[in-house]
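*Asks:* Found this in TrEMBL, in case it helps:
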DOMAIN    6-143  domain 'Sodium/calcium exchanger membrane region'
TRANSMEM  43-63  transmembrane segment
TRANSMEM  75-96  transmembrane segment
TRANSMEM  102-122  transmembrane segment
TRANSMEM  176-199  transmembrane segment
DOMAIN    177-318  domain 'Sodium/calcium exchanger membrane region'
TRANSMEM  205-226  transmembrane segment
TRANSMEM  238-263  transmembrane segment
TRANSMEM  275-293  transmembrane segment
TRANSMEM  305-321  transmembrane segment
């Protein structure tokens, strides 16, 4: 049985790698056809696919009357994205440069989007009105992003929709969009299967249940982002890696929590201390990430290791607080 699980883990890992290649190539072709920057294209389109695990968990939790589970998943995923995921991407893929508008504007906008639901929760409740506000912020962020990274001249023929659906591009756009969503579906499916098979394997080997949850849940919902960003950094597609990272934080904080709170408002009856610690940890770790990339305009391997250490400290403090 253990050998079968190891074989399945290997097979799904290869599927995960293949899916990241499909997604990466699709995004490059779509960026070329629409003349929208790779950062914006990845931040908008790919994020919708890689954030699917958090969205599914969030909607299911809200429908079952436990929206606080969705809140914990989102906050935990955001912390993992700016520490565990990007840290591992730097350690595995190697150091990478961070230049352009990302350091001046984009990272600050993402930080504001990330802390907005935390600020709205200061009264202990995320209402339906708050959810609507978050969805409007998500729409405004992506509208501004797509317009900002539109590299064509502002003529009628150069408008995004015209370029996407004119006679010359329609067939190519449809084909690459289909490949993108197929690759995204493969990415999410492979990540989910790796988490499930890995948890069964750990149980069979006698690993404590807490460690299974701590390890697999933390990495599981962020595994699509981790796979894509590590691959993107190794292939020199830094804009795609950063676009996916920042887009995931924005989607988690605004789109997912907005939908969840519209279905069922989030109320912090208990677990306030754990929430406050997680909220503070997100702010501190995000600022640490910001500082590391701003000092030399690059993220080196050792700095990725620092982010991994920060994530480990956060998990240790959460465990002590239980």
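Glycine residues also receive a Cβ, built from the backbone N, Cα and C atoms like all the rest.
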*Asks:* Of the stretches 75-96, 102-122, 238-263, which racks up the most C-beta pairs under 8 Å with the transmembrane segment (275-293)?
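*Replies:* Per the Cβ under 8 Å count, 75-96.
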*Asks:* Among 102-122, 238-263, 305-321, point out the range having the most Cβ pairs under 8 angstroms from the transmembrane segment (75-96).
*Replies:* 305-321
*Asks:* Should anything in the same chain at least six residues away from the transmembrane segment (102-122) have a Cβ under 8 Å from its Cβ atoms, list it; otherwise answer none.
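*Replies:* Answer is 39, 71, 74-75, 78, 130, 133-134, 137-138, 141, 242, 246, 249-250, 253-254, 257, 266, 268, 275, 279, 282-283, 286, 290, 293-294, 297.
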*Asks:* Take the transmembrane segment (305-321) and find every residue of the same chain, 6 or more past its ends, with a Cβ under 8 Å from one of its Cβ atoms.
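*Replies:* Long-range Cβ neighbours of the transmembrane segment (305-321): 79-80, 82-84, 86-88, 90-91, 214, 218, 273-274, 277-278, 281, 284-285, 288-289, 292.
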